[in-house]
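Trainee: I have a structure here, written as structure tokens, and I will follow up with some questions on it.
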Amino acid sequence: MPDGSLPPNRPLPEPAARPLRDADALAAAGLVPPGSLPTLRAVAARYAVSVTPAMAALIDPSDPKDPIAAQYLPHPAELEASPLELEDPIADHPHTPVTGVVHRYPDRALLKPLLACPVYCRFCFRREQVGPSGGVLSEAELEAALDWFAAHPQVKEAILTGGDPLMLSPRRLGHIIRRLSAMPHIGIIRLHTRVPVADPARVNDALAEALDTETALFLCLHANHAREFTPEARAALRRLSRAGVALLGQTVLLRGVNDTAESLEALLRAMLECRVKPYYLHQLDRAPGTARFEVPIAEGRALLASLRGRVTGLAWPTYALDLPGGQGKAPIGPDFAERAEGGWQVRGPLGGGHFQADGATSEGSPTAG
Ligand SMILES: *Cc1c(COP(=O)(O)O)cnc(C)c1O
Ligand code: SF4
């Protein structure tokens, strides 16, 4: 399984002790060729760069197609925006009732306490907003955002995102979790994060303690390649599951990273081994300068269909497109059932198919699936 194995042993330049935050640091670490510096400096001036020591150590600089490098290292193509791409592809902006809150669905809303991340992914749909310097809510803004949740009893679920909420200090994160937990209408708290794979050392006892609550707490881990599940990442996830945190996985379908049946299977299996239940496989949002990552929807559907039946059903994520304009995330297949005259034609994941005739109770029921 080439996609699930570690890169070959090789002398590392200098193991990075701190995140590499600009093109020159990446060149000094031997991760990008010095000749590319002028262009990559321009890219880094436009879109934030950060590669944590954990992720830098996973990159094989001798492999031009390295799937970890593709996700994190700046690339000249980022300066070429295509006309199909939007600066705010999923239209967060018009759905912001108070700073730091995005409310699009009736029963759940996002809380974005900061816009910093451990790493800056080159395909990020919020790339125009995220970065190390911007977006930390002031004390007053954070309280106003929490007050908004308290004043909206129809909102049953608070989703912490950003940026990455696990970049907050355990003290501040603990405060947010406690305030939300004290709201009787909040039944679910969810965090979307890349920290357990990108910077597993942050998942220490203080952080696990900050997440300890009687309210159901789901942590949705963003991971895109099996190799991201290092022994340190696995230990971080174990610490979280021991603390009673339910773990979900989300993945962006990315050209050159997880666009083969083998690499996708290895990723989904690595998640499950860490008790992470795959939740979403996202179709790429068309953010500026990300076109090289796009996998056509037809190919994504075929990839997933090839896993059905062959790979444990636990691994199955919902393949979804976040509709531009803020109209929500829609499942985009693959589907196995098709309406046919007098019933349904259902494709068999293990081969063949079956015509399921309408039962007596189906008579007069709508024909559109
Ligand atoms: C993605 C998103 C959610 C969460 O959607 P789920 O389908 O419940 O995971 C909620 N609010 C906003 C604004 C979102 O973009
Ligand atoms: S961690 Fe998430 S929000 Fe941050 S850069 Fe990556 S995809 Fe974007």
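From the backbone N, Cα and C atoms, a Cβ is placed for every residue, glycine too.
Just so you know, TrEMBL annotations never went through curation; they're auto-generated.
Positions annotated as [4Fe-4S] cluster binding site by TrEMBL: Cys117, Cys121, Cys124. Here TrEMBL flags 103-315 as domain 'Radical SAM core'. Residues or ranges marked as N6-(pyridoxal phosphate)lysine in TrEMBL: Lys329. Look at TrEMBL and you will find 347-369 tagged as region 'Disordered'.
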Trainee: Would you mind sorting out which recorded positions among Cys117, Cys121, Cys124, Lys329 put a C-beta under 6 angstroms from ligand 1?
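Mentor: Within range of ligand 1: Lys329.
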Trainee: Rounded to the nearest angstrom, how far is the Cα of the residue listed as 'N6-(pyridoxal phosphate)lysine' from the Cα of Cys124 ([4Fe-4S] cluster binding site)?
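Mentor: One finds 16 Å between the Cα atoms of these residues.
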Trainee: Show, in sequence order, which residues other than Cys117, Cys121, Cys124 on the same chain lie with their Cβ within 8 Å of the centre of the Cβ atoms of the [4Fe-4S] cluster site.
Mentor: Val119, Tyr120, Arg122, Phe123, Arg126, Arg127, Val130, Arg194
Trainee: Roughly how many Å separate the Cα of Lys329 (N6-(pyridoxal phosphate)lysine) from that of Cys121 ([4Fe-4S] cluster binding site), to the nearest whole number?
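Mentor: Given the Cα positions, Lys329 (N6-(pyridoxal phosphate)lysine) is 21 Å from Cys121 ([4Fe-4S] cluster binding site).
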Trainee: Below 8 Å Cβ to Cβ and six or more residues apart, same chain only. Which residues does that give for Cys121 ([4Fe-4S] cluster binding site)?
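Mentor: Counting only residues 6 or more apart in sequence, the Cβ neighbours of Cys121 ([4Fe-4S] cluster binding site) under 8 Å are Gln71, Tyr72, Arg127, Arg194.
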Trainee: Within 10 Å of the Cβ of the residue listed as 'N6-(pyridoxal phosphate)lysine', how many other Cβ atoms are there?
Mentor: 16
Trainee: Using a Cβ cut-off under 8 Å and a sequence separation of 6 or more, which residues in the same chain sit near Cys117 ([4Fe-4S] cluster binding site)?
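Mentor: The answer is Ser50, Val130, Gly162, Gly163, Asp164, Met167, Arg194, Ala198.
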Trainee: I'd like the Cβ neighbour count for Cys124 ([4Fe-4S] cluster binding site), meaning other Cβ atoms within 10 Å of its Cβ, all protein chains included.
Mentor: 19
Trainee: For the domain 'Radical SAM core' (103-315), would you mind checking the mean pLDDT of the predicted model?
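Mentor: Its mean pLDDT is 97.
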